[in-house]
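Features as listed in TrEMBL:
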type	residues	note
ACT_SITE	708	active site, proton donor
BINDING	119, 575, 619	5-methyltetrahydropteroyltri-L-glutamate binding site
BINDING	445, 446, 447, 498, 613	L-homocysteine binding site
BINDING	445, 446, 447, 498, 613	L-methionine binding site
BINDING	655, 657, 679, 740	Zn(2+) binding site
DOMAIN	14-322	domain 'Cobalamin-independent methionine synthase MetE N-terminal'
DOMAIN	440-762	domain 'Cobalamin-independent methionine synthase MetE C-terminal/archaeal'
Ligand code: GLN
Ligand code: ZN
């Protein structure tokens with residue numbers, strides 16, 4: 001191959017997408033105000049246009065001239081693609097008004113159910129799942145990308161419309177309700193491609209020069225049929241006459257078996273993730289002879305994490321790409337949608353810690369700087385490189401990142417530390433003596449309704465408007481209320497209700513050494529729902545007990561056992577940004593040791609039942625099957641390290657928010673808990689059969705009613721659920737509980753539902 005040039009744009013720099021929350025969460029607020037009927041469609045549109053303009057201007061101000069468009073969304077980019085190709089499900093077509101129909105698909109209405117929502121690859125973003133049927137047809141509606149392209153053009157930018165590619169779109173779709181579940185939406189490729197062809201033709205007529213087709217499914221293991229479909233699709237789209245240039249974008253890891261297809265595709269550009277596990281793409285790329293004749297959009301700035309890049313190292317990486325493509329453009333590894341907007345807003349963070357971070361806005365600067373470095377030469381950015389090296393050095397040397405005592409302790413962990421002293425049958429006998437519970441014991445998952453008044457009290461305390469003693473008194477009153485409620489209802493194992501917790505991860509992150517939390521670090525979870533993941537910046541330890549005062553207080557009010565309640569190490573990691581300077585396994589072990597201390601303190605304070613929630617265990621599964629065993633091995637070890645230091649007569653529970661364990665079933669059993677609870681009502685208790693089929697030995701509480709709905713389940717209905725469960729789980733090991741925590745429900749619903757739950761359990765004893 002000949003030499004690589006950087007001639008594509010004035011500065012060879014771009015990003016694959018940008019956050020759409022808007023400054024001060026303007027978009028979120030506007031959309032929610034529209035839903036409440038407080039903002040007109042016209043004013044929502046005006047906000048949208050203004051916020052989009054702000055993004056374009058931000059990108060340009062950072063020095064980018066090659067910018068994405070149409071990645072900005074009112075809800076979700078997969079839903080936008082569904083609208084683009086006209087795949088609106090039958091049941092939503094009757095909804096009048098484009099916006100109403102759009103939000104009906106996203107959120108449902110009184111009459112129609114929304115589309116299902118699921119996780120976007122291994123991120124914490126959730127997309128809406130398209131529903132297709134064998135006779136689905138497609139029609140193009142290019143209005144959204146066209147509007148955004150035109151808006152960018154009025155600002156003097158030649159933007160690149162971003163669409164979810166046809167193969168990823170079909171791969172993420174599922175058979176519509178009522179359709180044969182074995183129907184494979186990929187069989188619709190021939191139907192769908194003409195719509196993409198038409199889109200490209202119309203884009204060309206509009207003067208669009210580049211279109212980005214996102215095909216992240218290529219970073220996952222795919223059956224040959226999917227790779228064939230991809231080859232067909234790029235061949236068709238690539239050989240279309242008179243079309244814009246095409247950028248095939250992959251992200252979230254190494255592409256591997258699809259790389260030859262990308263190399264040979266009749267398109268002009270390919271984007272590859274070159275960060276984290278995606279760094280392996282560099283070697284793979286060299287092995288297939290690079291991308292002759294193409295532009296490589298090199299994802300060297302991590303779009304998934306919050307750390308400032310090592311610019312010198314990434315420049316070196318860019319240099320190794322020389323000769324592997326005709327042209328190199330520096331980019332983020334994926335859309336910046338997965339990181340918060342701007343770290344400069346975090347004025348509460350210690351300035352040096354803040355300097356270690358790069359959020360979306362800062363990543364733009366990194367991309368631009370690297371682009372300058374490769375075009376004008378590293379000597380033109382010497383000062384910036386030196387400053388960056390100093391930041392990295394400061395981070396490496398900071399006492400915040402490294403605590404020798406934590407490292408020493410983690411290094412001394414032995415396999416035995418992560419195993420309970422005796423097996424389940426022995427433990428169960430000791431626990432039965434101590435707890436003296438009836439058959440089919442009843443319990444809940446932890447939280448009780450979080451009222452507005454409670455949230456206000458927590459907020460006032462944070463702002464210093466409520467003194468610590470007043471705050472404690474307020475929370476204690478709530479704990480007492482919840483304890484009395486449970487006693488009256490006749491529950492067997494009580495909880496304190498979690499009134500003091502804003503969020504199951506943040507609550508602990510705020511108390512653990514090694515974590516920092518942000519004020520404005522919002523990241524989209526789905527739609528207008530944003531979360532603020534904490535960041536693990538250093539070695540993790542627990543300066544003081546975190547939950548003991550609440551659990552002990554609750555226990556002091558009652559003779560019934562009160563369950564201690566912790567968030568597990570894997571969930572702490574999955575719902576935080578993790579440090580990039582050590583393997584996650586090591587971080588998980590540190591978190592586990594900190595939680596292990598909490599478990600020990602709870603036990604010492606007399607807590608006989610301790611629940612460690614791991615709703616994120618399944619989410620953490622790597623995209624590539626070959627990486628899963630390693631993950632499951634450290635993840636289960638971290639859980640067991642948290643829970644195994646207790647006596648035989650202390651009962652360990654865990655909770656998961658789903659019922660399909662699938663390939664993590666063996667790992668779940670390997671957690672070696674005394675009791676596990678999970679969601680089960682919506683899947684008719686099928687989990688009970690799965691667990692018993694796999695030889696699960698211990699206690700199980702398949703949720704008997706769905707807490708996501710305000711509906712109060714009847715006693716008979718719960719009895720029926722329990723009967724199904726009893727077909728697979730012996731009565732001596734079956735627990736009776738709801739699907740998940742009750743914090744989103746109101747107290748009246750909770751009272752009636754739990755009364756029926758207790759009555760159902762009693763009638764079967
Ligand atoms: N203990 C937590 C609660 O009840 C569990 C939450 C969860 O499962 N996500 O709220
Ligand atoms: Zn749950």
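Even glycines carry a Cβ here, placed using N, Cα and C.
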Spatial neighbour of residue 679 (Zn(2+) binding site) that is closest, considering only the binding-site residues 445, 446, 447, 619 and their CA atoms: 445
Using the recorded L-methionine site (445, 446, 447, 498, 613) as reference, state which further residues of the same chain have their Cβ within 8 Å of the centre of those residues' Cβ atoms, listed in sequence order. 444, 495, 504, 565, 611, 655, 740, 741, 743
Based on Cα coordinates, which of the following binding-site residues are within 10 Å of residue 446 (L-homocysteine binding site): 119, 575, 619, 740? 740
Quick check on the binding-site residues: of 445, 657, 740, whose CB has the lowest count of neighbouring CB atoms inside 10 Å? 657
Could you tell me the C-alpha distance between residue 447 (L-homocysteine binding site) and residue 740 (Zn(2+) binding site) in angstrom, no decimals? 9
Among the binding-site residues 446, 657, 740, the ones with a Cβ under 6 Å from any atom of ligand 2 are 657, 740
Checking proximity to ligand 1 here: which recorded positions out of 119, 445, 446, 575, 708 have their Cβ closer than 6 Å to it? 445, 446
For 5-methyltetrahydropteroyltri-L-glutamate, whose listed binding residues are 119, 575, 619, the greatest C-alpha pairwise distance in Å: 13
What mean pLDDT does the predicted model reach across the domain 'Cobalamin-independent methionine synthase MetE C-terminal/archaeal' (440-762)? 97
According to DSSP, folded down to helix, strand and coil, what is residue 119 (5-methyltetrahydropteroyltri-L-glutamate binding site)? strand
Cβ-Cβ neighbours of residue 498 (L-homocysteine binding site) (radius 10 Å): 25
Tell me, by DSSP, whether residue 445 (L-homocysteine binding site) is helix, strand or coil? coil
Are any of 119, 575, 655, 708, 740 (the recorded positions) within 10 Å of residue 445 (L-homocysteine binding site) when you go C-alpha to C-alpha, and if so which? 655, 740
Look at each of the binding-site residues, 613, 619, 679, and point out the one with the fewest other Cβ atoms around it within 10 Å. 619
Cβ neighbours within 10 Å, counted over all protein chains: which one of the recorded positions 575, 708 has the most? 575
Residue 575 (5-methyltetrahydropteroyltri-L-glutamate binding site) as reference: those binding-site residues from 498, 613, 657, 740 with C-alpha within 10 Å of it: none
Those recorded positions, out of 498, 613, 619, 708, that come within 10 angstroms of residue 657 (Zn(2+) binding site) at the Cα: 613
Specify all same-chain residues, apart from the site residues 119, 575, 619, whose Cβ lies within 8 angstroms of the center of the Cβ atoms of the 5-methyltetrahydropteroyltri-L-glutamate site, ordered by sequence. 122, 123, 124, 574, 616, 620
